[in-house]
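Peer 1: According to Swiss-Prot, the Cu cation binding site annotation covers 47, 49, 64, 121. According to Swiss-Prot, the disulfide bond annotation covers 58-147. If you look up Swiss-Prot, you'll see 64, 72, 81, 84 marked as Zn(2+) binding site. Swiss-Prot lists 144 with the feature substrate binding site, giving similarity to another entry as the kind of evidence.
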């Protein structure tokens, strides 16, 4: 079992953690998040970005992690970036908790996401359905108010 965590924060009141767990290299990864301080009753994009570099804030994290050269999509789509996690949904206080299982995201092997950055976006991810070139790259999820590098945990 490999476990990893990203402590998410930035130049906003959005903060929290995203925990990853994977039993075997070919097995699925469980992703659990607890994010607070976002807009109330909203859907907000969350992605794994290529670089674990936050020296210039969350912008240094680069584009979505996309080792297979696919277009942007929903977490459940066959055609998507590995880093596409879709939207998290916030409650009336702007908080979001949830768990999903994903077959593309890996902690073990050459496409591991360890050392990369989780970004919580300011806008709703259109899941690549926005009919624009930008939609196919980013989902038009907007600014990056909070992020954190994924690190190995006990």
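The backbone N, Cα and C atoms fix where each Cβ goes, and this holds for glycine too.
Show me how these features fit into the shown structure, please.
Peer 2: Counting only same-chain residues at least 6 apart in sequence, those with a Cβ under 8 Å from the Cβ of residue 49 (Cu cation binding site) are 61, 62, 63, 64, 65, 83, 116, 117, 118, 119, 147.
DSSP classifies residue 147 (disulfide bond) as strand under the three-state reduction.
The Cβ of residue 72 (Zn(2+) binding site) has 29 other Cβ atoms within 10 Å, all protein chains considered. The secondary structure of residue 72 (Zn(2+) binding site), as reduced to three states from DSSP, is coil rather than helix or strand.
For residue 144 (substrate binding site), the same-chain residues 6+ apart in sequence whose C-beta sits under 8 angstroms from its C-beta are 10, 57, 58, 59, 61, 119, 120, 121, 122.
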Peer 1: Can you name the residues of this chain that are 6 or more positions from residue 84 (Zn(2+) binding site) yet have a C-beta less than 8 Å from its C-beta?
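Peer 2: Set apart from residue 84 (Zn(2+) binding site) by at least 6 residues yet with Cβ under 8 Å, we have 47, 64, 72, 73, 74, 75, 77, 125, 127, 139.
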Peer 1: When the number of other CB atoms within 10 A of each residue's CB is tallied over all shown chains, which of the binding-site residues 47, 64, 121 has the maximum?
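Peer 2: Per the Cβ count, the most surrounded site is 47.
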Peer 1: Determine the Cβ neighbour count for residue 81 (Zn(2+) binding site): the number of other Cβ atoms within 10 Å of its Cβ.
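Peer 2: Around the Cβ of residue 81 (Zn(2+) binding site), 28 other Cβ atoms lie within 10 Å.
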Peer 1: An 8 Å radius from the center of the 64, 72, 81, 84 Cβ atoms defines the neighbourhood of the Zn(2+) site; name the other residues of that chain inside it, in order.
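Peer 2: Apart from the listed residues, the neighbours are 47, 65, 66, 70, 71, 73, 80, 82, 83, 128, 137, 138, 139.
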Peer 1: Count the other Cβ atoms sitting within 10 Å of the Cβ of residue 58 (disulfide bond), across every protein chain shown.
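Peer 2: That number is 24.
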